[in-house]
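Structure first, then comments.
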């Protein structure tokens, strides 16, 4: 499919991306029309997709998208959550028209409704989940491209790209690869330099996980500010006292003599004797003692 050109051949880094995202892992079921894209079957029943065929169909789909003069006439659709972010990113990069979320029935056939569209090409994420736009595209003769798993039905699909369309990383990587090839064929980016956009931007992220990450980051920032106010106060400048210069260490350092100040002292033996503590108790003490006779 690549015509034997080295420029269009799959690179090693592309294969590593496919393997890391699990693009080659299909399902346990196999549609008879997808048998041509299967490489082997694992012992646990999972079919392995031939990545060489995946790359060839990816280039064919990119050529079909580039052939449309107006990029807005290409509709990219994903009703599943795992492909909605990728569809929006693909549309922003290539200028296509995205439909993320529920597809309104009659969008391609009912001319009365406000959401009516007449695209020239349709790209869907899952033929099983996006069966409604595929069916309507068959009514109005719109060519279709689909990311197909091993068990995906190929009815009304003109160009099937075999891949794992269930995993979030695999779907995001396939849309990223498709957008990169479209931009390369248009001449927007060069094949000699890597694309500055990372595949991570096309991956689906759970909103609950995003909220947890934001809360954790906020708590970490608060604790960091508290520690900074407590521990990062400016420390007083410490200057070491000058050391005396000693030429000969055997002589030692001479301690300067300090005059001792004389304080007046008193003769404690000359003072008069204090009271006799053995004398009789005071009257107040006798009164307290007298009151205690009642308790006896």
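Backbone N, Cα and C define each Cβ position, glycine as well.
Here's what Swiss-Prot has on this protein:
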type	residues	note
COMPBIAS	281-296	compositional bias 'Polar residues'
MOD_RES	2	N-acetylserine
REGION	161-180	region 'Laminin-binding'
REGION	205-229	region 'Laminin-binding'
REGION	243-296	region 'Laminin-binding'
REGION	267-296	region 'Disordered'
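Within the chain, the region 'Laminin-binding' (161-180) has long-range Cβ neighbours (under 8 A, six or more residues past its boundaries) at 14, 17-18, 20-27, 34, 37, 49-50, 53-54, 57-58, 61-62, 65, 82-83, 85-87, 89-90, 93-94, 123, 125-126, 145-150, 152, 189, 195, 197, 199-204. Mean predicted confidence for the region 'Laminin-binding' (205-229): the pLDDT average there is 76.
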